[in-house]
Structures are given as C-alpha cells and as structure tokens.
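Undergrad: Feature table excerpt (TrEMBL):
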{"type": "SIGNAL", "residues": "1-23", "note": "signal peptide"}
{"type": "TRANSMEM", "residues": "226-249", "note": "transmembrane segment"}
{"type": "TRANSMEM", "residues": "294-319", "note": "transmembrane segment"}
{"type": "TRANSMEM", "residues": "325-349", "note": "transmembrane segment"}
{"type": "TRANSMEM", "residues": "361-386", "note": "transmembrane segment"}
{"type": "TRANSMEM", "residues": "392-414", "note": "transmembrane segment"}
{"type": "TRANSMEM", "residues": "452-471", "note": "transmembrane segment"}
{"type": "TRANSMEM", "residues": "483-509", "note": "transmembrane segment"}
{"type": "TRANSMEM", "residues": "521-541", "note": "transmembrane segment"}
{"type": "TRANSMEM", "residues": "553-581", "note": "transmembrane segment"}
Amino acid sequence: MAASPAAAAALLVLIALVGGVAADGSDHRYKTGEPVPLYANKVGPFHNPSETYRYFDLPFCSPEKVKEKSEALGEVLNGDRLVDAPYKLDFRMDLDSKPVCSKKLTTEDVAKFRNAVAKDYYFQMYYDDLPLWGFIGKVEKGGKADPSEWKYYLYRHIIFDVLYNNDRVIEINVHTDQSALVDLTEDKETNVEFLYSVKWKETPTPFEKRMEKYSSSSNLPHHLEVHWFSIINSCVTVLLLTGFLATILMRVLKNDFVKYAHDEEAADDQEESGWKYIHGDVFRFPKNKSLFSAALGTGTQLFALTTFIFLLALVGVFYPYNRGALFTALVVIYALTSGIAGYIATSFYCQLEGTNWVRNLLLTGCLFCGPLFLTFCFLNTVAIVYSATAALPFGTICVIVLIWTLVTFPLLVLGGIAGKNSKSEFQAPCRTTKYPREIPSLPWYRKTIPQMAMAGFLPFSAIYIELYYIFASVWGHRIYTIYSILFIVFIILLIVTAFITVALTYFQLAAEDHEWWWRSFLCGGSTGFFVYGYCLYYYYARSDMSGFMQTSFFFGYMACICYAFFLMLGMVGFRAALFFVRHIYKSIKCE
C-alpha cells in the first residue's frame, strides 16, 4: 500500500490546513509606528515543561477583557494559550520606562508571585511569531541554607531589544532591570508600578535566516561532535553484529546445509537433529493469532507514521518553534495510516486461518489507541485539577474524536475489508504436521525474558547517546534540529534490531524450539523496555523535574511512546525472522 505522489501532496496540504500557518511563514512587512502583534503565551516552572499555566493566571497587569488568539489543533495539544500581551511594541518606536499599569498586590497576589518565583517560573511570549522568554523574579539566598531566610523579588521592569532589517522584524530578546524589584518576602499588600522599555536596532541579518538563531545551539561543534560520536558508535555496533552474523551464523548455516545434504544421501532412517528436525512444526501458527496479527498491523502503522514524520522533518517542516506542527502531523498521519493497520492485521489474520476478522479489526483499532486513551483521560484529569494549559478544552477533544470517528475508524475498516478480500495464503516452504513435537528442556538463558534482555541491549546501546538529546528537547528547553543524524540513527536501530532477532531466532530453532513467532516479536520490541528504563535514569539523574503532575505526565506519556516503540520494533524483528526462517527452510529438502 505504497503512497502515491498525489497522496503525499494531499497529506502535506491537510497538515497545512489543520496545523495553521507556519511560524515564520507569515512574511509581515511593517511601517514605522505600525503595531506588531505580541502575544503572551504561558508561564510555568522552568524545570517542569508540562506544567504550564495561562499567562494571566498570575496577577500581572491585564485588560478588563482578555482577547485570546485562535489556535490550530497542534498548538492546543502543545499547551499554547496565546492572548494579547499588555505591552505595545510598535515597529521602530523606542520606549523608555513606559508604565503598563499601577497595581495594588493583595496578600494573596504576593503569595502567588512568591510561590512562582520560588519555583523558577518563566514566561513565554511571541512577537511577530518569534518566541521570547524571561524569568518573572529571582531568589536571593545570601549563603543561607534555610529557605525561610531567603529573599524573594519580582521583576517589574521588562526591557525588549528588537532587531530589524528594513521593514521586517528579525530578532527579539528580553531582559529585566535588576534595579527595579518588588520585595515579596513578606505577606503584605504592596503597590507596584509595572514598566517596560523597547529598544530598536538595525541588523544585516536577512529575514530568511531569522530562525537560525534558535537552531544554532544544536549545531555547535561540541554537540555535533557528540552526535557524530553517537553515529560512529552505532555504526561500529552494526559492523560488529554484521561481522558476527557473516562469520558465525552463515558458516554454521553452510555447515548445516552440507550436513543435511549428506544425511539425505545417507540412510533415510537416520535421526535428524537441529533446526531441520522441527521443519514440521516451525510454521505452526502461533497462539493468540488475533492478538499477534493486531500487534503486527499496529506496529506496521506506527512504522509508517514514523517514516512519514522523518520525511516531513527532513524537508524542513518542523523547524524551531513552528508551533504545534509536530503534534498536528502526528494526529493527521496516524489517522491517515490507520488503513495500513487494518489491511496488514486482517490479511495476516486470514493467512493464519482466522475466522473472526471483525473482532480482529476491532482489536487492531484498540491495541494502541486504547492504552493511549486511558492514559490521556487520567493525565487530562490531573491537568484539569492543576488548571494547567495541558488540559485540553472540550472543543479540542471533540475535534480529535471526530477525526477518529470520521477518518481513523473508516480507513481502518476499509483496510480490513481490503485485507480480507486479498485472499492471500501463508507462504510456508514446509508442510506442518498434525501434532506438535515436544520442546526439549532448555537452560534458563534460553527462556523468553533472558532472550529479550539480550535482544534489547544491543539496539539500545546503538541509540542511547542520541536519546539524551531527544529527551532534553521533548522534556526540556533544548531545541533538536539535526533530523538527518536522527534518521541515520533510526536506520541503524532497525538494522540492529533485525540482525539480533534473526540471530536469536536461529539459536532458538537450533535448540529445537519451534515457538519462535511470539519470541521474535518480543525480542524485536524489547528495546522499548530499555528505553523506559532510561526514562527512570533520566528523570532521577539528568533532570530536575518534580511534582505529581510533571511526574505523571513524564512517565505516563513515555509509557505510551515506549509501547509504540515495542510494537514497531517487534514488527521489524518478526518480519526479519520470518524472512530468515522461510529462506533457510526453502534451502533444504524436507519430507
């Protein structure tokens, strides 16, 4: 079910429609004195990226009626809640200490601000679609260990430095006046005059390069060196594994072929041994064939989703701060690829002589969406309790439900019908006997769990260096832009997963254990468990995340991502093992 160029073009158009206008695609030109849009987005603890709140949840200067900006689906999923900011930054108009408002902070307001300062709250805004950040205050510890003796201060004067080129905004930075502070240490009413200044400066930087500033940190020599070290490490792993297969596995297989050919020329009643001995059982269909087919179909869909995401990333769709583009692409592409899951699952289920294909189709539709939906319900409830922007509005939930109802489910059914009508038979080079042979007793290290540990370690070792940068981007404030390197690492991951699964499948068959179907899937997908183990390490050793909401969001959504990894790599492992098993049994003469 390869996508045609027309389908790919339609996909890009649909993403553009659902995702809204690109962040730097709004080529605005301004005249001197013309208003430039400035939107306040959100505030939140710096170390808790999921725990963000609306800007005016803190008692800043606010208009009587807050005007909200209409947002695309991806922006809402990203937790963006843009509103008109109380500052007016007209094009090329300098301002010096202009009052925003004078406000009397109540004791409750002081407590809110102090709590925010204590948790390192930052604010985010967008000026002409360029992001800017700043902290709302500071803590002076004075060398004292007791928090009750610390001093808490609120910044009341914000200074905007804006760079322009002719009639376009190129860059904006924000900093605070360290001398204009409000003491929040005590719970008492305080009168505050909030101020802001604007300084304009010309720059030769062209408009087309104004987003390069945000991706430059990923391209620093130190980071590139580490990235390339990661790729070299992964390539060495692949070469070692390939060499292992070439020198050991292929030589053993060659000896096996020679031995079996010799046995056929010798006495016919000679007892067979090794993997040829189980030729009558190796293509015996697995238990729980409906679940197996559903996992295979869902894994194929997730693989297609990942491939499309990489294609969009490589052509530059996900440049820095293209608000919500990634989330929009994930929702849209997942919906459009559901037909792949239905087709693969149902056609394979029918090849395994399954009869209840409708139940299999429903299982396929729920296998990944079900756990994801339950996780979302729990985490969205947590976000609602916290009044965080991560809580999706009812309208957005309705849009997602409509996409699932009108796009995902119908395509899943159409794919299932096409799969059922394909009427393809399972290609097995050996006939399966009526009764299965008994599997000999195996040592503990040949059991499923030790084999999964062995199978998952090598692929994980090929990607673990790159994982830190991905986590720092998704669960931090770093920007990841080197998608070409990530794509190479992904290809290496697929190759290593396929190779190690093939090797372990051979050793399993050589030990006369013919139940390789589920084992190959579990071994291929076991890297997902290692990635989740890395989540524990990253949370406690490499991050400063804290609090129930952030912890539940991190481990909840990472569980869903690792589960998707498990299904996708499990499919890759099984497909590689199936190709290998068919090849070796096709190469010998089986009675």
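Positions of Cβ are set from backbone N, Cα and C atoms, glycine also.
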Undergrad: For the transmembrane segment (325-349) and the transmembrane segment (226-249), does the number of C-beta pairs under 8 Å, pairs 6 or more apart in sequence, reach 3 or more?
TA: no
Undergrad: Does the structure show the transmembrane segment (294-319) and the transmembrane segment (361-386) touching, where I'm treating 3 or more Cβ pairs under 8 angstroms (sequence separation 6 or more) as a contact?
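TA: Between the transmembrane segment (361-386) and the transmembrane segment (294-319), which are separate recorded stretches, there is contact, as judged by 3 or more close Cβ pairs.
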Undergrad: Are there at least 3 C-beta pairs under 8 angstroms linking the transmembrane segment (361-386) and the transmembrane segment (452-471), leaving out pairs fewer than 6 apart in sequence?
TA: no
Undergrad: Under 8 Å between C-beta atoms and at least six residues away from its ends: which parts of the chain pack against the transmembrane segment (483-509)?
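TA: Contacts of the transmembrane segment (483-509) (Cβ under 8 Å, skipping residues fewer than 6 from its ends): 227-228, 230-231, 234-235, 237-238, 241-242, 244-245, 249, 252-253, 275, 278, 282, 306, 310, 313-314, 318, 446, 451, 454-455, 458-459, 462-463, 466, 470, 516, 519-520, 523-524, 527, 569, 572-577, 580-581, 584.
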Undergrad: In the same chain, which residue numbers or ranges, 6 or more beyond the ends of the transmembrane segment (361-386), come under 8 angstroms Cβ to Cβ?
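TA: Same-chain contacts beyond the ends: 51, 290-291, 293-295, 297-298, 302, 338, 341-342, 345-346, 392, 404, 408-409, 412-413, 416, 548-549, 552-553, 556-557, 559-560, 563-564, 567.
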Undergrad: So which residues does the transmembrane segment (226-249) touch in its own chain, when a touch means Cβ under 8 Å and the partner is 6 or more beyond its ends?
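TA: Tertiary neighbours of the transmembrane segment (226-249) are 458, 461-463, 465-466, 469, 482, 485, 488-489, 492-493, 495-496, 499-500, 502-503, 506.
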